[in-house]
Amino acid sequence: MKKKKRVKEEKSPEKHDKNPPSGRKRKKSSSEHDKAEKNKKMKKDGDPEEKKKEKGKKDEESDKWKWWEEGKSSDTQKWSSLEHKGPYFPPEYEPLPDNICFNYDGQPVKLSPVTEEIATFYAKMLDHEYTSKEVFQNNFFCDWREEMTKEERKLIKTLSKCDFSQIHKYFVEKSEERKNMTKEEKQVLKEEASRLMEEYGYCLLDGHREKIGNFKLEPPGLFRGRGEHPKMGKLKKRIQPEDVTINCSQDSKIPAPPAGHRWKRVQHDNTVTWLASWLENIHGRPKYIMLNPSSKLKGEKDWQKYETARRLKMKVDSIRKQYRRDWTSREMKIRQRGVAIYFIDKLALRAGNEKDDESADTVGCCSLRVEHITLHRRLDAQEHVVEFDFLGKDSIRYYNKVPVEKQVFKNLKLFIKHKDPEDDLFDRITTVKLNKTLNESMPGLTAKVFRTFNASTTLQDQLNKLTTEGMTVEEKILSYNRANRAVAILCNHQRAAPKTFERSMQLLQEKIQKKKEQIEEAKKELKEAKKAHKDAPSDKSKKLLEKKEKAVQRLGEQLKKLQLQETDREENKVIALGTSKLNYLDPRISVAWCKKHQVPIEKIYNKTQRDKFAWAIDMTDENFQF
């Protein structure tokens, strides 16, 4: 046995010692001894690097501007001083290598830089379904030809003869190269992004450093749009400094435009919250660089929005009584207005704006057409059912079968009488007139406030109903997500199932199966431990028995946690919880619920959301009710 032990020690010498004496321990060198002592000290006192990071976080927390403690700002003046560096412009176009060709009718063609750049926009999208759509193809080709030289226009006359395959392949390879970058290469890019963020991503607002939301201007490309947008494929042109208006305070340092350029205009308007503005060429609408959602200006706006929605709670009964009276008015306009407000209240529909022919065919309440509803005297054992089917905001389909009150049903029959399918359902009212009526009922009231009010009320009611004593944190989170889902369904916040959904569910189910097998094995070991303790009781067998019991209990809790995750993921497959959480739900409801039921706020809001709702997290106690 001694001989075997010697052989074993000779086969596995101490690390970093080529010739250790066999059969006895090697003495530690002084440097190793110092290292061991240092490690002991670090364990005792904590890692200095970690401490430094923790200190940095605490300093950041203490430096954070608690603007909500300073009282409400003026409704007209948004800031006293504003200084920033202006927008970051995307880099200029880098021409393709000489060996990458665009072919027309089988022949290579050298394109001018402007024409080539636009060709790359289309080439990058070749494997996307957009480029198979006729509207996209026609819009792209029309805009592309406008940017071509006279000679190129003369030659390139048909899109079907254009061959972008080499360009497409080139960008696919570039994409793969980016994916396969080394850690060091990725670090260089990360550092460059941090440098840009530091230079352009912050401004000074009333002496406080505030984060900017979208400091990078969008690069040129092809417009996609949502759904079957009639302008899909059109060219989004490069924004030049000459297109941009800068807004800053008069005494601040005006941001310098890129070399060789100048700004369209520099203004000092403290009644608006944007830092820079320009007109985009697709719809001719203004676009803005604004502050980050975590900023004072955005936070104040959110706070005010939810306070207005809370005020509606005191007025909603009288508003409901009024629109019910309107259903029987002798004036058709008033009847239509009463039914429209009822839909906005009951179904949380958006008001809907007037659209031109060049916009996507999306509608809201006031722009509903006869073809968007079907009336059923009786359907699915319910009376007076209205079947809605239309495209809402972002071309998301709204489909719902809703039982309505008898008088509403009668009015709808009256509204559609003698009308064609493409005629307006509410032809006597507009969104502007409807919001004017709502504002007369309560200052600041709009269709959106109604939507926020109903969303927040639904969340509060559902949380009160679904949360019970004795729940685990995981069960409470499932309840919260179910309450949030009720709001998302009310507001029609849908999404397509994520591409990775099936795979992630499969992996989760494999974990569940593995955990079940571990439980079976642990139960067998527990049974054996019980038998051994019964046959020959001792302190050792008792400790082993307790250990096995705890293992079975721990594995059972882990299985329950995984099964709750599976249920949650399946239920949220096609529901977008984030939209309502960020835009329609008073964050104070969630914060109060977390504090009351001892749920970490990190389980409900991620870091970005916690920054956005810092005001609510700081000011709300567990007794808050919407």
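Positions of Cβ are set from backbone N, Cα and C atoms, glycine also.
Among the ranges 172-199, 228-255, the one that TrEMBL lists as coiled coil is 172-199. Tertiary neighbourhood of the coiled coil (172-199): same-chain residues 85, 88, 216, selected by CB-CB distance under 8 Å and a gap of 6+ residues from either end.
Non-local contacts of TYR584 (active site, O-(3'-phospho-DNA)-tyrosine intermediate) by the CB criterion (under 8 A, 6+ apart in sequence, same chain) comprise ARG451, THR452, ALA455, SER456, VAL487, CYS491.
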